[in-house]
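Asks: Heads up, here are the entries from TrEMBL:
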BINDING   H54, H56, E60, H104  Zn(2+) binding site
CARBOHYD  N93  N-linked glycosylation site
Amino acid sequence: MGVPLVRNISQLPEDNYGRDGFSHITVAGSALHGMKEVEVWLQTFSPGSHTPIHRHSCEEVFVVLKGSGTLFLASSSHEKYPGKPQEFPIFANSTFHIPVNDAHQVWNTNDNEDLQVLAIISRPPVKVFIYEGWFVPHIAAKLKFPYYWDEQCLQPSVKDEL
């Protein structure tokens, strides 16, 4: 409804949301484009940049378009805290998925090249729990909802009170 079926990614809104070395574009989103079951993001990380340690109650699939880095994944996230994560190298043309509620972090560990990924999540808009460290209890994780790129789309409606 008012959103073109075919869109040029280079003409979609892009922002770093206050994070140096990071770029986010919502390619197809629930709040922005009316999607109900999935959301697709194009994210670019400059060398040394990374996501926060976080988890969410949805599945997430990544496709690495260019560059390389490291995925940190705490599969024991269902204990009292995420715990020591496993490290997985990620590289161009690789893909990986994050199970529901597993704490994870993506780092561009390549000193010479941007890491660019396509991320697909289920059940948008996503509620994100952010951790200050891998051994921080789940009850101390900070809920961020709506997440930064959904904030402008999920503004409370202004009611006309007569």
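Placed from the backbone N, Cα and C atoms, the Cβ positions cover glycine too.
Situate these features within the shown structure.
Replies: Within the same chain, residues at least 6 positions away in sequence whose Cβ sits under 8 Å from that of H104 (Zn(2+) binding site) are T51, I53, H54, R55, L71, F72, L73, A74, P85, I98.
Counting only same-chain residues six or more apart in sequence, the Cβ atoms lying under 8 angstroms from the Cβ of N93 (N-linked glycosylation site) belong to V64.
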Asks: Residues other than H54, H56, E60, H104 within 8 Å, Cβ to Cβ centroid, of the Zn(2+) site?
Replies: T51, R55, I98, D102, A103, V126, V128
Asks: Using a 10 Å cut-off on CB atoms, tell me which of the binding-site residues H54, H56 is the least crowded.
Replies: H54
